[in-house]
Structure formats: structure tokens, C-alpha cells
Amino acid sequence: MSGIRADGTGDVGLIIAVKRLSAAKTRLAPVFSAAARESVVLAMLMDTLTAAARVGDLRSITVITPDESAAAAATELGAEVLADPTRQGDPDPLNNAILTAEQVVSGSVPNIVVLQGDLPAMQTQELADAICAARAHQRSFVADRLGTGTAALCAFGSALDPQFGPDSSAQHRRSGAVELTGAWPGLRCDVDTPADLAAARSLGVGPATARVVAHHR
């Protein structure tokens, strides 16, 4: 058994794709230095992984990343780590990384959920409830709080067919994925901008994010 779940009793594999930290969250530049942004991104990943690890439906959690620091943090928390083989300059790096991870993870579980790694306010029960709702559909997704992006993509007995990128919510809908409508405010609150971070903090972020943000503000 791979990943964070110690007992491996679930039937879902979770995938989180993380880009190189030095290139992540540039829209947080108005409030954080480059070095601070890397720390914030890493902390958000740690809080996301920690919350996800308590979901009973998960058999494994896999992080695919080219970043050594992100890989080390994920490994320390018990996640399986895949080195992202996506070449620099690839026109669709995120979806290709997810497809690479899907090929590996689908060999051991019938169902896969892709989750954003920047959900510091996500509660374990929110993800558990979303996975429960997703079981009614072959492909489904959870839109972000603004309704334009995608916080999670779920595939039950089906290929993921990820459509992440600009307006990914609409892209996933057009591809046939069913939009899940639960409230799940923390699950929907991915952090790309200072406004997103403020929204996440108003919900309550995990301890790693709280410490790093307090240190750098």
C-alpha cells in the first residue's frame, strides 16, 4: 500500500499535482516576497495533505511534483511521491502531470480524485462528503468559490480526462463531468490571490499555513 492511509481500506486514490515552488503563486507577490511565497505554498500543501489523510475512503495519496522541497514535505507526511517528468516549456504541464499520475495510481485503485494542493481551509469532512456525492457519477467536479476554477475532479470507474487551466469549471462541465453542488466552503477555497488568502483565513486555515502567514505578515 502506498500513500498516507495507513490501513489502505479505501477504494479511492487521491492525486495532488504541485508545480515548482519558485514558480508558484506569483499573484501573491503583492503581499509576500518570493521566498515567503514558497513557504506559504509548502504550508498550504501540508495542511491540505493533513486534512485529506483523515478521509476514510482514501486508499492512497500521491503527490506528483518536480520540486524537491514539496516532495520531501509530502514524503514526511506519508504520501507517495512521483517525480513530474513534464518537460520545461510543455504547453499543458498540469494536465499532463495529472495524466502521468493517473497511469500509476489507476493500477491499484478503481477510483481517482484530483485535488488542488492549495486548500488550507479544507475540512476533512468536506472532502469526505464530496467523495460520497461523486460516487453517483462517473466523472464529477467541485468548482472553486468563484465558480470558474476546479477544486477537485473525481472519476469513479472512468478516466479522469482533466481539463485544468483557464475557466476549468466550464471546461470540465463541457467535457461531461457533473458539477457537485455541496457547500464545502473550505474545499472550494483555493488560494491564488491575496483575496483568496483572506477568504481562507476567514474560514480558518490549518496550523502550518497559520504559522507561516503570521511569520511573514
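Cβ atoms are placed via backbone N, Cα and C, with glycine included.
If you check Swiss-Prot, you get these features:
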- THR150, GLY165, SER168: phosphoenolpyruvate binding site (BINDING)
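All chains included, 22 other C-beta atoms sit within 10 angstroms of the C-beta of SER168 (phosphoenolpyruvate binding site). DSSP assigns THR150 (phosphoenolpyruvate binding site) to a strand. Same-chain residues that are not part of THR150, GLY165, SER168 yet have a Cβ within 8 Å of the Cβ center of the phosphoenolpyruvate site turn out to be GLY149, PRO162, GLN163, PHE164, PRO166, ASP167, SER169, GLN171, HIS172. Among the residues THR150, GLY165, SER168 said to bind phosphoenolpyruvate, no two Cα atoms are farther apart than 9 Å.
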